[in-house]
Amino acid sequence: MSFKGFTKAVSRAPQSFRQKFKMGEQTEDPVYEDAERRFQELEQETKKLSEESKRYSTAVNGMLTHQIGFAKSMEEIFKPISGKMSDPNATIPEDNPQGIEASEQYRAIVAELQETLKPDLALVEEKIVTPCQELLKIITYIRKMATKRNHKKLDLDRHLNTYNKHEKKKEPTAKDEERLYKAQAQVEVAQQEYDYYNDLLKTQLPILFSLEAEFVKPLFVSFYFMQLNIFYTLYNRLQDMKIPYFDLNSDIVESYIAKKGNVEEQTDALTITHFKLGYSKAKLEMTRRKYGVATAEGSPVSGASSGVGYGAGYDPATATSPTPTGYGYGAAAPSYAAQPAAQYGTAAAVGTAAAVGTAAGAAAGAVPGTYPQYAAAQSPPLTGLGFQQSPQQQQGPPPAYSNPLTSPVAGTPAAAVAAAPGVETVTALYDYQAQAAGDLSFPAGAVIEIVQRTPDVNEWWTGRYNGQQGVFPGNYVQLNKN
């Protein structure tokens, strides 16, 4: 925008606001307003005709290109999964020769159709789209003139408001008289300019509308016959398609069902089609803990063999001798979940502070539920570290209470069995059907015996129900209070 245009826009801004809010005196011409409305419709419909014609031509060409790509994809699907050609001498062919041949024939027909329809599609571009674009250029020039007329209308209304303001003064001064004459001259000039553009548009817009009707009529007829020719060519070529692989005489749904057979049932029988990512991650984590923790660095056996937590002056004889004190180390600690509360308070055969600290350090890396693996506690490393009881303790009854910090490897296997708690059970909240091998199925309300579980209910637990052992999601059950 030039500086002159900018100054005019600034001077017209107040009148634009008045016109928008219907304030002050405004010039109206119903005849031009009706012509302006029809002109806007003409502009919109011409744009729509041009865009839709171009979209139709592009869509037909794109459809044929898509069908060629579809035929190529079907050829790849019919080939074996290795991507290599099958052995023609094989008893059972790995690929589908009939399907590949049908795809190649269909691709050839569509490619030929695309070449045949190229002149018709080019004709749509030449006879419909190009004339519409030329008409839009003419409409753009007329739109500029209509904008010019609207600007002159704003100037006329602005000068009329100024003239009326000075004319209504009851006691005008000399300067007011001078401003009145100046405003009157501006009104006369603005009126002449506005009348010129307004009369020009009112006179010539109806002529444009009549010419537009004569212009659109042949375009519509041409576009109709072009589409008819394109559809007729498509219908005839596809109707005469001689591909034995396709049965065009039978019902399409029946043919599809007959060729599909029991493929859907065979696919549903595959395990990978029912794969659940969340369950598989939890199972993988549980498998790692179950089978990989025995050799891990934090297991009780590895901790004892490495000697972590033992002092330099460790004495095995002292570690195995019972202490005559009351409850020994850890008696004030809260009762461990693995100990029966009714037997608490009897004398405990716990070693010295050094031995207790050592056993606690070794048991810190233990995994609950895995201590039956340490039945061979009479091995030399464990005996030397004080984990074997004295002969007097082995001959007499096992102690009624075992220190939680030294469980599960602080005593002999007999002591571990005696300290085992009651069977922990859970009640099923929902029905669960096994999703894979190793899962445990159960109905809602079933009481399941816990073999191994974790504190997190969102992980998989191991249980036993109806003589079967397997894993199940922890959030499907509720722990029973003993």
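Including glycine, each Cβ sits where the backbone N, Cα and C put it.
Here is what Swiss-Prot says about this protein:
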COILED    31-64  coiled coil
COILED    174-204  coiled coil
CROSSLNK  Lys242  ubiquitin cross-link
CROSSLNK  Lys481  ubiquitin cross-link
DOMAIN    17-254  domain 'BAR'
DOMAIN    421-482  domain 'SH3'
MOD_RES   Ser2  N-acetylserine
MOD_RES   Ser299  phosphoserine
MOD_RES   Ser321  phosphoserine
MOD_RES   Ser379  phosphoserine
REGION    382-407  region 'Disordered'
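Lys242 (ubiquitin cross-link) and Lys481 (ubiquitin cross-link) have their C-alpha atoms 76 Å apart, to the nearest angstrom. Every protein chain shown contributes to the tally, and the Cβ of Lys481 (ubiquitin cross-link) ends up with 5 other Cβ atoms within 10 Å. For the domain 'SH3' (421-482), the DSSP counts in helix, strand and coil order read 3 helix, 28 strand, 31 coil.
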